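S.K.: First the structure, then my questions, so here it is.
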Amino acid sequence: MAETHSLQELQQQAAVASKVYVQRDYNSGKICKFQTKFPSELESRVDKQQFEETMQTLNNLYAEAEKIGGKSYLEGCLACMTAYTIFLCMETHYEKVLKKIARFVKEQNEKIYAPLGLLLTDPIERGLRVVEITIFEDRSIGSGR
Amino acid sequence: MKHCEYQQIDPQALSTPTPTPTLPLQQAVVQEEKKGETARRKWEVFPGKNRFYCDGRIIVAQQSGVLPLTLGLILVTTVLFFVFDCPFLLKHLTVFIPAIGGVLFVFVVISLLQTSFTDPGILPRATPDEAADIEKQIDNSGSSTYRPPPRTKEVMINQQVVKLKYCFTCKMFRPPRTSHCSLCDNCVERFDHHCPWVGNCVGKRNYRFFYTFIVSLSFLTVFIFGCVATHLALRAQGGRGLMFALQESPASAVELVICFFSVWSILGLSGFHTYLVASNLTTNEDIKGSWSGKSGAEDTGNPYSYNNIITNCCSVLCGPMPPSLIDRRGFMPVEESSQTVATEIELAAKKEINVVGGPTPSQLPPCALQVPPSPIPLPATPNHLQPDLQTPV
């Protein structure tokens, strides 16, 4: 039985069994942070440590995007002085980190989760509300009569 | 015995008699149709009451409100100022007057347009899967034929309990400080208010533009008022009187009237919003008195405030610019081949059941044949169903 699939194979051939949602953790305020609690549905599929590490890295990346510090103030003041027209030309710090996050999610999917039959959806595609984890079925579909 | 293909229903879905999104036949039909369509951008299927221009680049509320009036008033007053007052003041005073006026005018118009055309921080609605997941978590009993009592979730922010409400329209728990705007039919993050003058909601993403707009507009109004008054005073010098000055420059009278009546409200609004910025509050919270402790003797302070005016101002106005979450110009996801393969098999299964007519309808899964068609094509169709071979007969 082929346990390992590549990312493309998964998306093209396997059927979706179920989806697990990791919600936002608002206990630290309004910053974007996801719960690191290990969902029970994934117990049979992936190592708890690995999953928590992925979530923690994701949280750290979002914290970096939303960090309020010297650099963001400079960007804000410069934007204010130019009547915010620089946003038309320049990519904001947040957007740069979002691209980093997209790359990170893709890399995690390719290296770790796709071979296990899972797929992480970049939270930005769900409005930064949830991390959607799609669990693919291993058995082939359309088994004959 | 001939095997008929049945569809395995998710048992949890059966236990809750909710019309969960299991409309395989209609979904399959819609998906078949969608395969033939060209890819559409997400703004074309946006569920809120917004209007989009320039292929999704510009977003405004459904009713533009009095935005044309706002723009018109500002333009008319400033143009009259430049045409009738500036030449005189340029000659008699200094060249800086039209220069400053020009800079202020540019600031006002740009920030107004940015406030009106920027996504205020709209939260996209939950996908059907997400909504089903949340429903499962909330309550597993009771039908959904009536609206259950309002659901809330409590979180601790800065050692303070904050209640998160469930939004029935968007089918999700609203993040803190998010509110649903009934005019735009969207949940907006850090919702301040819906401004008819600007024709858009004011929320997390465009609050700084709005603040810049009202502050620069206050400066512009005061500036024009001052210059026009100076102009008339200079003309009326030498004992000629105000009436003479007004007759010579009637446009100045118009400007004076407009500025006089608007300066109070604009200055007042700027002052109010400066207070809000300094205490990291929104208009919504201030009006409702969420943190002022009106609702009892609890120690309710604003959990979002940094308790430092400078930090509050900086975080509200100069903080990182959050991205738009609704991705207006993205393309609608083409249905994955896995789902279309599965639905093709479902279609075949359907035909089997109909042709063979073997099992009695009561033995068939109830949702397969009797659910009324869904008028809304679901963009992301969940597919929990797989053909299963076990015959219950």
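Heads up, the Cβ atoms here are built off N, Cα and C, so glycines get one too.
Curation plays no part in TrEMBL annotations; they are all automatic predictions.
TrEMBL feature annotations, pasted as is:
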REGION    B:1-21  region 'Disordered'
TRANSMEM  B:66-84  transmembrane segment
TRANSMEM  B:96-113  transmembrane segment
DOMAIN    B:163-288  domain 'Palmitoyltransferase DHHC'
TRANSMEM  B:209-234  transmembrane segment
TRANSMEM  B:254-278  transmembrane segment
REGION    B:372-393  region 'Disordered'
S.K.: Where does the mean pLDDT land for the domain 'Palmitoyltransferase DHHC' (B:163-288)?
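M.R.: Mean pLDDT for the domain 'Palmitoyltransferase DHHC' (B:163-288): 89.
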S.K.: How about long-range neighbours of the transmembrane segment (B:209-234): same chain, 6 or more residues beyond its ends, C-beta under 8 Å?
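M.R.: Distal contacts: 74, 77-78, 81, 85, 88-89, 92-93, 97, 100-101, 104-105, 107-108, 111-112, 114-115, 118, 192, 195, 198, 202, 242, 245-246, 249, 252, 255-256, 259-260, 262-263, 266-267, 269-270, 273-274, 277, 317.
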S.K.: Could you give me three numbers for the domain 'Palmitoyltransferase DHHC' (B:163-288), the DSSP helix, strand and coil residue counts?
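M.R.: When I sort the residues of the domain 'Palmitoyltransferase DHHC' (B:163-288) into the three classes, I find 71 helix, 19 strand, 36 coil.
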